[in-house]
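Written below as structure tokens is the structure these notes are about.
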Amino acid sequence: MSATCNCTEHVSKLNQQISVMRKEIKNLRQLLDSAVRSHRKHMTSLQSALTHIGQSRSPKSQPRPQAELETQNSLEKGTIQTVPIGYISSCFSVKNGTPRQPTICGPSRATLQIQQSVFNNPEHSLVGLDNYSHVWVIFLFHKNGHLSYKAKVKPPRLNGQRVGVYSTRSPHRPNALGLTLAKLDRVTGDTLHLSEIDMIAGTPVLDIKPYISDYDSPHSRVDMDTDTYDCGVQPESTSVPSEDGTTSVETLHSDSVASSSCTVDPQLDLGVERRDSHSTDPRILHSKDKSKVHIRHPGDASSSYAPKYQGKDITTVLGELKAYISEGHDPFTLGSSVGKSQASDGPKAKPLEPVEDSARPCYGEEAYSTIAGWIREPPVTSLEVRFTPHAERELGEFLAPINTESRDRPRFRFLRGPKEAAAAIRGVLSADPRSVYRRSRCKDRLFFFTLDTADITCWFGQGFAEVLRVRLVAVGKELAS
């Protein structure tokens, strides 16, 4: 009995000592906090005093605020403080199963609401954006953990082979910035509705920019350069009126001593602005007054728009020019000799065969846009995606967001129904979303990911992926995401 009492007293004393220690720790923390606040006040007063001294020494100069000076110095050094303009609300809630590229899963959708803290009227910042079909989204890879990165990485599509990080779109890079091209479905107030995305819910967005194909696509640049060449727009060109009432722009080329021309309506303003995107003819351009300028290849003699010089076909003129130069005459006197009639004093030239297109410089896609071969032909092939009958029945129970048939059935937030969800699942799984480690070393072939409000369970076989179950996301898990 006495032993029990002694033990109880001992425990009581220990509890008292622990209580005293906790109070002491609390007091120490309070002292530390007060010391930190005092230190900050002293530093602030010291900075203001130094600023005042600098102002007194140079009274003629108008000093700028300290915050502005610090911002300018940071920008000049390449250091900026980013402020998210909004956060993504996406049909992907976790990294597992999220597409690595936006084109993998077309039906994927998201919304982006501009923060009130960025603009007083955030909807004003989106005025005019609905004139574009796609937007560039610059964001942060906020789920990178401890921000580890290496000079070489192993892209999943290369199945373990190493390449430089800057030759890939790996999220693990010195500055964890992401860039994606998203389809802009619509703009409502201060909110963008996007599709074809590869970002998870909660992704901080730093900036959005409209996608302009005339500037951003190499194909448009190729077409523009080709049209410019076909039209003979060169530094040294002359406009020569022809007998049929059209104007022919003629240019000399130093490398082949040939001329290119384009036939246009003289009534039109030749300030070409842009390509006619609605025309099937790749050589129809818009002029400033929105009328069309028809452009044809100079050697196309069969066309009704074939260029002519003094009533002659362009191939005949080229033949006469070549014969004239081969006889040792000055090519720059062609205006007084080339194109003369048979009875004139000028040289008689025999007609030559039409000039082939191969004689012109090649301005093809290959000259402007080149990508790594493993992008289109990766070692990891596309997988076949299957659904078990049970998974198909479970997926069929889901309703679209606007469907009001039953409140008891599961409902999507972004996807428009089971068909679109099935297409999204096929897109995700056909690209094999597993990591290289999980693909090559893990014996467990089961795979789980979340799509909108559905939890997907599947497994991978040799060359295929099979969906086993499709269930509604648990309430707690959905709130956490």
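Placement of Cβ uses the backbone N, Cα and C atoms for every residue, glycine included.
Looking at 11-38, 375-402, 431-458, the range annotated in TrEMBL as coiled coil turns out to be 11-38. Helix, strand and coil residue tallies for the domain 'TsaA-like' (82-220), in that order: 24 helix, 46 strand, 69 coil [DSSP].
Mean pLDDT of the predicted structure over the domain 'TsaA-like' (82-220): 91.
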